[in-house]
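Annotated features in Swiss-Prot:
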type    : residues                   : note
DOMAIN  : 47-314                     : domain 'CoA carboxyltransferase N-terminal'
BINDING : Cys51, Cys54, Cys70, Cys73 : Zn(2+) binding site
ZN_FING : 51-73                      : zinc finger
Amino acid sequence: MSLINWFEEKRKFGGLIGAFIEKATKGYVLSEREKDRYINVDTNKGLWTRCDNCENMLYIKFLKQNKGVCEECGYHLQINSTERIELLIDRDTWIPMDEDMVAQDVLKFSDEDSYRNRISLSQKRTGLTDAVQTGIGNLNGTPVALGVMDFQSMGGSMGSVVGEKITRLIEYATQESLPLIIVCASGGARMQEGTLSSMQMAKISSVSQIHQVQKKLLYIAVLTYPTTGGVTASFGMLGDIIIAEPKAYIAFAGKRVIEQTLRQKIPDGFQVAESLFDHGLLDSIVPRNLLKGVLSEIFELYDLAPWKEKNNQV
């Protein structure tokens with residue numbers, strides 16, 4: 001039996017969520033054949049993962065081939081920053097920037113663990129110095145400046161390094177007249193850095209104003225699950241065009257915080273991308289497998305803008 005046929009058979013029996021789980025919870029004894037069809041999550045952690053939406057078990061190899069999208073329900077699972085760069089940038093054109101920039105524990109912050117240890121563990125686990133990768137590359141032949149946040153690194157939180165790397169990226173894009181793309185995935189400002197983290201919001205917004213308003217260069221913000229806090233309150237919502245992935249969680253404060261502040265019940269799903277789109281806060285919701293093509297078409301239209309031709313003649 002081929003791997004694909006085996007995989008299809010597993011799907012038929014038990015829906016990839018541990019076959020016959022309803023019977024098992026009622027004291028039902030599995031036959032030898034049923035046990036063979038049962039997928040044990042604990043013993044197959046390197047091969048399988050669970051969809052956060054439909055809870056079906058997904059074979060990781062096939063999931064990666066599908067760009068991190070659940071083939072059962074279409075839910076967009078989180079992917080890391082390197083995978084996003086490979087998804088958007090043409091092969092062998094990526095030039096990273098500021099890879100050696102590392103956060104300093106200026107406040108000597110410590111809660112359950114020291115900030116220094118948290119950074120060290122995150123670097124070992126992800127292979128990244130901090131929660132964003134920035135650089136230059138081609139998107140279907142168009143040179144772009146790209147920043148990609150990584151939620152797996154310190155929850156994608158925005159500290160001094162994240163803010164400085166994005167600031168330098170925007171300044172370079174402004175200097176070289178490049179369009180800018182920032183893919184957001186963040187829990188907000190990094191609390192371990194206090195005011196040093198909060199000030200990054202204003203710093204990034206100020207250089208973005210020069211890039212967009214003074215130089216009339218294009219900035220596209222791509223919001224993914226999750227985009228929250230200080231990132232939403234600054235460059236996440238400053239794009240000339242704001243795109244989100246389907247069902248992405250986008251918010252400033254969490255639902256419980258809002259309910260406790262307003263003292264009223266908030267409807268479910270009001271912080272999901274589809275709800276924000278319905279209320280005019282997003283320009284488009286684009287599935288992950290179509291994103292590169294959509295961005296490419298936007299850049300083609302941008303190149304044909306009449307005001308851009310006038311600027312080139314001056």
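If you go along the chain as it appears here, the first residue is 1 and each next one adds 1.
Heads up, the Cβ atoms here are built off N, Cα and C, so glycines get one too.
Within 8 A of the CB centroid of the Zn(2+) site residues Cys51, Cys54, Cys70, Cys73, the other residues of that chain are Asp52, Asn53, Glu55, Asn56, Leu58, Glu71, Glu72, Gly74, Tyr75. Here the Cβ of Cys70 (Zn(2+) binding site) has 20 other Cβ atoms within 10 Å, regardless of which shown protein chain they belong to. Mean model confidence of the zinc finger (51-73) amounts to 92 (pLDDT, 0 to 100 scale). DSSP assignment over the zinc finger (51-73) gives 6 helix, 4 strand, 13 coil. Neighbour count (other Cβ atoms within 10 Å of the Cβ, all protein chains): 13 for Cys73 (Zn(2+) binding site).
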